[in-house]
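Have a look at the structure below before the remarks.
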Amino acid sequence: MTERTRSDDASDDQGDNRDSNADDPRPQVGDPVAAQESTTDESGSPDADLTDSSDRADDDQRHRHGFAQWLKELPLLLAIAFVVALLLKTFIVQPFFIPSGSMEQTLHGCPGCAGDKILVNKMSYWFSDPQPGDIVVFKGDKDWAPEFKYNEPANVFGQAWTWVLRAVGAAPPDEKDFVKRVIAVGGQTVQCCDAQDRVTVDGVPLNETYIYISPDAVPGNADVSTYKEQQFGPVKVPKGRLFVMGDHRNGSADSRYHLNDQYQGTIAVSSVIGRAFLIVWPLDRFHWLSAPNTKVAALEPYPTNPPASGIAVQTPLLAVLLIAPFSVAREVRRGALGSRRRRRVRGR
C-alpha cells in the first residue's frame with residue numbers, strides 16, 4: 001500500500017507540473033512546438049513581414065490618394081483665393097500700373113515702358129475727404145482725354161486676360177483712370193502764379209519741391225528754371241470737388257486743361273478710387289508714398305523716408321492683404337476635409 005501511495009503522489013506531482021506549465025506562457029524545454037515558435041520569432045515572423053508590407057502599401061495608397069485629392073481641390077482653392085483677392089481689390093486695396101509720365105518723377109511711367117506699379121488704399125476716404133498733397137487715383141469725367149492709348153484685345157479671351165492683369169496691376173489701367181496730386185479742395189481758391197511763378201492756394205504760395213520740368217519745356221533746352229507755369233485762375237473749388245495737377249507740370253493734362261468746363265476742371269470727390277500709398281515695383285523703386293504735412297499753409301515736399309508710425313501701421317496691413325486669399329482658401333480646404341472625415345466616421 002505504501003508503494004501505491006508513492007506512485008499516486010508522483011503521478012499527482014507530474015499532473016501539477018503539467019498544469020503549471022500550461023499556465024506558464026514561457027516556452028518549455030523539450031517542447032517541440034515552443035522550439036518551433038522560438039525559432040520562428042528569432043528568424044523573423046512571416047506574419048510580421050506581411051503586416052509591415054501591408055502598412056507600407058496603405059501609406060503609399062493614402063499618399064497617392066491625398067495628392068490626387070489635392071489636385072482635384074486645386075481649382076477650387078485657386079478660385080477661392082481669386083474671389084478673396086477680388087474682394088480685397090474692390091473694397092480695400094487695388095494695384096495700379098502707371099502708364100504715363102504725368103507724375104514724374106514721383107511716379108515713373110511712359111508709353112511702352114515698364115512703369116511703376118502702385119497700391120491704392122480704398123479705405124482712406126471712407127470717413128474723410130482727400131487733402132491737399134494726396135496722390136489720388138480717380139475716374140476722369142467724360143471730357144478728360146486719355147493720357148495714353150491702349151489697344152484692347154478684340155477677342156473675349158484676350159479681354160478676360162487683360163481684366164485679370166489689371167486686377168493685379170500688371171496691365172495699364174482703364175483709359176479713364178488718372179493719377180494726380182490734390183492741389184486744392186472744396187472751398188479753397190487756387191491760382192497761378194505769384195511773382196515767383198508759384199501756385200497759390202487762398203493766396204499762400206505752395207512749396208512744391210516735387211515738381212518736375214522736362215528739358216524740352218523751354219526753348220533750346222535752356223535751364224529749366226526759366227520755365228514759366230501756365231497761368232490760370234483764380235478758381236474757386238466747389239464743395240465736394242478737387243483741383244488736381246500732375247507733378248510733371250509740362251507733361252500733364254490735368255485740371256488746368258479743363259478750366260472751361262462746368263466745374264472749371266475740378267473733379268468730384270466721389271470719383272476718387274483711393275490714395276496711392278506704396279510703390280511695389282520695380283523693387284529698386286519700392287517705397288512708401290507718405291502724405292505731406294497739411295497742417296502748415298504751404299505744402300511741404302514728400303519726405304524720402306516715411307514716419308516710423310506709418311510703416312508700423314501699413315506694413316502689417318500689406319502683409320495681411322497678401323496672405324489673406326491663400327489663408328482663407330487653406331481654411332476652407334481644412335474644413336472640407338474635416339467634414340469628409342466626420343461623415344466617414346458616422347458611416348462606419
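The backbone N, Cα and C atoms fix where each Cβ goes, and this holds for glycine too.
The region 'Disordered' annotation in TrEMBL covers 1-60.
Look at TrEMBL and you will find 1-26 tagged as compositional bias 'Basic and acidic residues'.
The annotation domain 'Peptidase S26' is assigned in TrEMBL to 73-281.
If you look up TrEMBL, you'll see 76-98 marked as transmembrane segment.
Residues or ranges marked as active site in TrEMBL: Ser102 (among others). DSSP assigns Ser102 (active site) to coil in the three-state reduction, outside any helix or strand. Sequence-distant contacts of Ser102 (active site), defined by Cβ-Cβ distance under 8 angstroms and a gap of at least six in the same chain, are Gly109, Glu147, Phe178, Val179, Lys180, Gly246, Asp247, His248, Gly251, Ser252, Ala253, Asp254.
What TrEMBL lists as active site is Lys180 (among others). Counted within 10 Å of its Cβ, the other Cβ atoms near Lys180 (active site) come to 24, all protein chains included.
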Mean predicted confidence [pLDDT] for the domain 'Peptidase S26' (73-281): 85
